[in-house]
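Asks: First the structure, then my questions, so here it is.
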């Protein structure tokens, strides 16, 4: 398959389409003027406004805590689910289990949100911080399960078997052999879970209660009132954090890969 | 390979079963049980109380009263009021058109990526994934500033001379804006499965075809496209299902005329506080998606 000039043109247009709106958003966060069409000069005014907006800052803090807690819980449950799906090929209700892993990935958020809310009401649980965490854990664990599962499928089982044969208890084998080997997938699963939680408006709106307004809910209520550059400012910061995170993660993965190759060569030399 | 049942029974180990049991119970409790509750509440009456519905199943009430208490009024109401039927059909129509648009834009893009030199492919994949990591809400918000009448698009078109100084772009708060928002937000979801199908394609098949004198368009139609169909189905399902229930995009970019079932559900719930009706809407939405979800799961389990 040859890479033609037409392909290059298509790719340029599509990537421009994907990136230009975000770039415009970032540029206008530094605009002195409140109007989108008027460039009033470079200014950090909206960042100052954002910083002194107590409601927005409180929401950001809640979102960060919800993100860390639900991503961590989701990663633990998702990793267990991935192990269950790859290591236990036959158990009662496996079809239902894998169905429950895949369905939340495509389920419209309004349904997931409404159904969880009704569960909390039926159980008489007051909605707030912890109900959002439960809701986010439930849908992020499925993403983690898929990411970790794809790593476990290509995993060399003989390493685990060797440890077990030498009398290492299964739980210890998991922590000493399995976990370090699947760690990159677990970490990227955690990052994915964290960003999904950071991003979620709909499910959080249904499951939250007084005193647990997350950042997307806050942003949404301001956006409904119209475009304010303050939102551009906080969006720019969020985009910046995520971009740095993704780039850092891919660089670490690359350097780890290079290190592994160096180790392999060194080992071959030592053997030879 | 994997541990078989025989192996497991020979080494009884409760810790191993916890690996299955913990996530299983979590999903049963927080994913499956909520759906049964939705079904139950959609069959109950609205009440002005908190929670705003009368329970259908009160503890250990006898099964007979339970059955007679079932109430299909909400569903009858949904079929009688044309608003709901319209929203329902309009969501399906918008989801189908968006999925076709996404395929038309995503396919050439995925093909271009698969044909690109192997050295730059990882970078291209990363560039597709990166917008997916940035907030959905922020990406939709970015389009408001571009599309609104006094926004950037008007300014650009006025500068180029395409629009007169008093004319404005009338896209914001129309269905066109909803399509733009959907295509923009879901493009990575469409491109990635298509790319992974096209990337696996064996190049020698195309070489053989061209050696035998097959023109490129024909070898595309006879070889490339048929082999990429699993990717097309996966991409289409990953986009179609959530788009049908989409709320944020029609709410922020669409106008009063843009009816979508996700938005209707939201209004019934948060605006009118009619929980049973909102639940009935959710059940109907779910019914519309049962077949696509089954196709998606089948596809995933084969992959």
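In case you wondered, yes, glycine gets a Cβ from its N, Cα and C as well.
In TrEMBL, annotation is done automatically, which means it is predicted and not curated.
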Asks: Transmembrane segment per TrEMBL sits at which of A:9-30, A:31-52?
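Replies: Range annotated as transmembrane segment by TrEMBL: A:9-30.
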Asks: Can you tell me which recorded stretch out of A:9-30, A:95-123, A:129-153, A:174-196, A:231-253 has the most Cβ pairs within less than 8 Å of the transmembrane segment (A:59-83)?
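Replies: If we count Cβ pairs closer than 8 Å to the transmembrane segment (A:59-83), A:129-153 scores highest.
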Asks: Count the Cβ pairs between the transmembrane segment (A:95-123) and the transmembrane segment (A:129-153) that lie under 8 angstroms and are 6 or more residues apart in sequence, then report whether there are at least 3.
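Replies: Contact confirmed: at least 3 Cβ pairs fall under 8 Å.
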Asks: Before we move on, state whether the transmembrane segment (A:9-30) and the transmembrane segment (A:174-196) share at least 3 Cβ pairs under 8 Å, counting only pairs 6 or more apart in sequence.
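Replies: The transmembrane segment (A:174-196) and the transmembrane segment (A:9-30): touching, no.
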